[in-house]
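S.K.: Sharing a structure below in structure tokens format, with a few things to ask.
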Amino acid sequence: SAMYGRYTQELGVYAKEEAARLREEGVRRPSVAERSRSLELLENDKGRCAKCRICTVRCQKFLISCVGEDWIFLILLGLFMALLSWLVDFGIGICLQSQKWMYVNLEGNVFLQYLAWVTYPVVLITFSAGFTQILAPQAVGSGIPEIKTILRGVVLKECLTFKTFVAKVIGLTSALGSGMPLGKESPFVHIASLGASLLCKFMSLFGGIYENESRNMELLSVACAVGVSCVFAAPIGGLLFSIEAMSTFFTVRNYWRGFFAATVTAFMYRVLAVWNRDEVTITALLPTNFRQDFPFDLQELPAFAVLGIVSGFGGALFVCLNRQIVQLIRNQKTIKKFLMKKRLLYPALVTLLVSTLTFPPGFGQFMAAKLTQMESLETLLDNHTWSKQGIPEEFDSNSHSQAWKHPQVNVFVTLTLFVVMKFWMSALAMTMPVPCGAFMPVFVIGAALGRLVGESMATWFPDGVHSDGTIYPIEPGVYAAVGAAALSGAVTHTVSTAVVVFELTGQISHILPVMIAVILANAVAQSLQPSLYDSLIMIKKLPYLPELGWGHHEKYNICVEDIMIRDVMYITLNCCYRDLHDVLLAGHLKTLALLESSESMILLGSIERAQLQALLSLQLGRPRRLKYLRDRATAESRLSVVSHPSSEDGSTMVNQEVHFQISTEETSLSSTPTPSMKPLKPALKRPSVVDHPTEIPMPTSKKWEENQLDEQVNFDNCMIDPAPIQLVERTSLHKTHTIFSLLGLDHAYVTSIGRLIGVVSLKELQKAIEGSVAVKGVNVRPPLASFRDSGTSGTIMNNENKARDLHKLWNRRKSMSLPQEHRASDPDEKSK
């Protein structure tokens, strides 16, 4: 009965629980229906979301493909640079107006006027120099020499950073706002290149096409055209100037890119002026009203030619003067030490000197010092004559031309003083450590020189030129335009300044006199001095390749074997890690030649220094050391266990000691930097990477390193360039110069029937062109040079021997295979 009672009691409990469960299921049934309904809705939603997601992905792909297109990039670059140029002009205008406002409001007190006139530019220049020096010292100067060097193939990473961009823009605005004779065009070429580089980095977030370095280099050359165009609103002249000033060889596929981007930036630059109500409509930057029906007489052409020749001498003198000033400061040790300590004192002193001499109530009254550069240029291009038979004409009291009139001195003295004073002031101001250019000051000086010649012609021919019974007065503004193009072309060694003048003035009627003067100026200047940008490259000691001059035919007889370095550092295919270690410590070459063996000297390819450093770091690095330590510790623990099998506690203690030793070794090694692709200098300089040799017996660690260094190098996982640029020993200097210029090379290997016999770098080529190598042969002629002037029999014998050697080498080469990381082309070759 007890069992029955227990059973019935449990049955009742079971029944209650079952009833409760059924009730709960009844409550849950509608929720399950709701859940199924919600699942159906979710599936429908998922279907819709999937469609939306697919649509979004397609739109994203389309946008990425569009962003990858060149024209999107070029439009963005043009708009951005036009806006930036306009903002810089706006900032410069505010600074210059502030200086004039202070000068006018202090008119009663000359001393306070002088104080304001001098202090204001000194503060701005000092701020510009200090800000640039602190943020990015590489932003100092023009910027075109650096970009020209980068386009040549030399890597100058610091010149294309965001810091440099900020320092260049703010420093340039401050420097030009001071009113010093400095230019905006050259720094804006650098700023446009910086903008293109930063835009490429930003665009690389959307698509990988902007990670291609060669493509980015092409866009950098386009940015140079944008930089000129957004200063003068001259798209055609900007592109041509960038080609002439920046490139030795120009890729034609960049032509439309340059035109497109330059047109966008020039258009936007002028549209911003209209929106700001500075202009009524889109016009030229400095529109002129030269006579169209009879622009010039043939009798005036000799005057234009003389102006071009004088401008050529003037341009060469300007480049020479600028270089002499820099060399004078560098050679004077006391001045150099003083200026190195007080970096901001030199720009402040130069600004103080120039501002004092241009003070309007003082000496500045004889050189129209009240006018800014653009106002001076606008007045110089005026087609009205300022003097007639030496007597000053009456000026409009409201015009800026009134500044050129002086009661005691005539216009010729004023213009002469302006040319002479601004000439050396601009050459001196360019040496200040601030972002600045020289194109605009030289352009204005050339305009003043042309105006001086034009006023002289107007005085000599007061009645003008007679033609068909009609009198045509001489227009000095035409001579100013010709002089501006000629002097700026002579300084920069470009002819495209003529096109810049046409677009700047909006008139092309004087194309013949401008072209005659510019070509003559270039002919004179190029025969006397290098261009301003090449001169700055020499001053800054940047790597460059000088041009082969005219008439140096004897240099064409020099071959590569006369100038190459014969003692070449190389590694062989069967070398050991010790050889890598010695080669990396011996020199600082970026790439090393890979040879078959030291006996055959057959060139197989070249390897970058970083790859060799990575191989050595991998062989002697932390992971291998730790593996060695663990293996040794495991071996020691096994030995201790074997020697004491009954001692369980002892084996535990040994294992703990081993674990502690490894852990302490790991912590000591973790404090050292992890080896990367970059040089592992600590590993190369000391015998062991381990910081605490007391924890490991030194002889064992040293022995392990020696064993590792004696192992043969495995090049399977190393990136090898199987086709480095090679020249033969009889390649002429002219052909070598062309190859280096066209490909932007830093060095090239010299081979003879596959054997490496030397290497030629930019330095050797530069010395050969500049005349450091003897013209007729070398001081010590190499053996092959003796065959150059020998008879045909010797040449035939030599060729037969070379052919025989070539067949031997080819048979040996067929059995060899160069180790490569990727062999993706093998299946394709087999299928072929």
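Note that the numbers count up from 1, one per residue, in the order the chain is shown.
Cβ atoms here come from the backbone N, Cα and C positions, even for glycine.
Annotations for this protein, taken from TrEMBL, read as follows:
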- 71-94: transmembrane segment (TRANSMEM)
- 114-136: transmembrane segment (TRANSMEM)
- 188-207: transmembrane segment (TRANSMEM)
- 219-243: transmembrane segment (TRANSMEM)
- 301-323: transmembrane segment (TRANSMEM)
- 344-363: transmembrane segment (TRANSMEM)
- 411-431: transmembrane segment (TRANSMEM)
- 438-458: transmembrane segment (TRANSMEM)
- 478-504: transmembrane segment (TRANSMEM)
- 664-700: region 'Disordered' (REGION)
- 664-682: compositional bias 'Low complexity' (COMPBIAS)
- 812-832: region 'Disordered' (REGION)
- 820-832: compositional bias 'Basic and acidic residues' (COMPBIAS)
S.K.: Given the transmembrane segment (301-323), which of the listed stretches 219-243, 411-431, 478-504 has the most Cβ pairs that are under 8 Å apart from it?
M.R.: 478-504
S.K.: Taking the transmembrane segment (411-431) as reference, which of 219-243, 344-363, 438-458, 478-504 has the most Cβ pairs under 8 angstroms?
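M.R.: Per the Cβ count, the answer is 438-458.
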S.K.: Which one of these stretches, 71-94, 114-136, 219-243, 344-363, has the most C-beta pairs shorter than 8 Å to the transmembrane segment (478-504)?
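M.R.: Selected stretch: 219-243, with the most Cβ pairs under 8 Å.
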S.K.: Same chain only, please: residues at least 6 beyond the ends of the transmembrane segment (71-94) with a C-beta under 8 Å from a C-beta of the stretch. Say none if there are none.
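M.R.: Apart from its flanks, the transmembrane segment (71-94) reaches 169, 172-173, 176-177, 184, 188, 191-192, 195-196, 199-200, 203, 210, 219, 222-223, 226-227, 230-231, 257, 260-269, 272-273, 276.
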